[in-house]
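Colleague: One structure is given below, represented as structure tokens, and several questions about it will come after.
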Amino acid sequence: MTEPIIELKNIDVTFHQKKRTIEAVKNVSINIERGDVYGIVGYSGAGKSTLVRVINLLQEPTSGSVTVNGETFFQADSQDAKKTRIGTNDLRVRRRKIGMIFQHFNLLNERTVTENVAFALQHSKLKDDEKKAKVAELLELVDLSDRAEQYPSQLSGGQKQRVAIARALANDPEILISDEATSALDPRTTNQILALLKKLNQEFGLTIVLITHEMQAVKEVANKVAVMQNGEIIERGSLLEIFAQPKQQLTREFIETATNIDKAIETIRHEPLVNELKEGEIFARLSYVGETTDEPLIASLFRDFNVTANILYGNIEVLQDTPVGSLLVILSGEPTQVQTALSTLHDHHVEVTILKGGN
């Protein structure tokens, strides 16, 4: 097993505001391996942005330990314990290897695209001509070479975010933190930015920490996911595990935003076929991972049990090269045979949720 590039252990972040104490992050531990695109999902106030700001100590934790690239940035075993912290100058150097992009692009309005990207190189040891070449290379990477001398006011939201990405990459970081970077963008532009992030990960091995409230964004680029609520991680796993077998209600809610299966169920419930189920008919959801509900299995229900499957809706996602999907079906046949068919589906690792009928 490879050593994590980011290791957060027992992180607590507590804020004291007048007479209030706010526990923004509560005893969170997380390991992110080199080359991961790690999605951290949660609604506003869940603590996800506070947590990732701990990585480069923009937010110092109240307690816990922060290790990046095998180097301890911070350690305090409890709130009252003596703190060990990396020196200010050393931290400044290490931060150059951790790029960040945000929902608001934080560009300098009075500077051109080229000058905005070059700003990140002001403390670089590169010579002027090397800096110029570096900026040109970055603008080509984010497909903005033709906008080099324009100002932020002349750019679209997506173009501004591309400038921010180029600037974040200027010092050749090993880690890129994306904090709600697509939240202010339209769906088409969001997909373009996500595609760029995926390219950076795949072609350059960039480790990306993706903070978002949009499960669709996670689905597009992440290989691992953690779900946060009230300062805690309530569920984590590979993208495939989270989508195929969500354990928490909040996780299921997020997945619904990326699949719309619940919306399909509510719509189909009102169809005459479902409203007027006959004896021996069941309206059910079949959930599966892999090739377990390919056409021969569905067809075998009729061949082996004389049970027909009327498919009303299907949704299939390919996650980490594995099909994950749901079918909404009406199963019809003799009640005992329908039950036998359901058992057969279960034996083939198909999760069956009966939505109506079968009493």
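Even glycines carry a Cβ here, placed using N, Cα and C.
These numbers come from a predicted model, not from an experiment.
Below, the features straight out of Swiss-Prot:
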BINDING   GLY42, TYR43, SER44, GLY45, ALA46, GLY47, LYS48, SER49  ATP binding site
DOMAIN    8-255  domain 'ABC transporter'
Colleague: Cβ within 8 Å of the ATP site's Cβ centroid: which residues qualify beyond GLY42, TYR43, SER44, GLY45, ALA46, GLY47, LYS48, SER49?
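Modeller: Near the ATP site, the remaining chain residues are HIS213, MET228, GLN229.
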Colleague: Looking at the domain 'ABC transporter' (8-255) alone, can you tell me the average pLDDT?
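Modeller: That stretch averages a pLDDT of 94.
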Colleague: In the structure shown, with every protein chain counted, which of the binding-site residues SER44, SER49 has the densest set of Cβ atoms within 10 angstroms of its Cβ?
Modeller: SER49
Colleague: Can you tell me how many other Cβ atoms are located within 10 Å of the Cβ belonging to LYS48 (ATP binding site)?
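Modeller: So the Cβ neighbour count for LYS48 (ATP binding site) comes to 30.
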Colleague: Using all protein chains in view, find how many other C-beta atoms are within 10 Å of the C-beta of TYR43 (ATP binding site).
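Modeller: Total other Cβ atoms inside 10 Å, all chains included: 13.
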Colleague: What three-state class does DSSP give TYR43 (ATP binding site)?
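Modeller: Once the DSSP labels are grouped into three classes, TYR43 (ATP binding site) ends up as coil.
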Colleague: If H, G and I count as helix, E and B as strand, and all else as coil, what does DSSP give for SER49 (ATP binding site)?
Modeller: helix
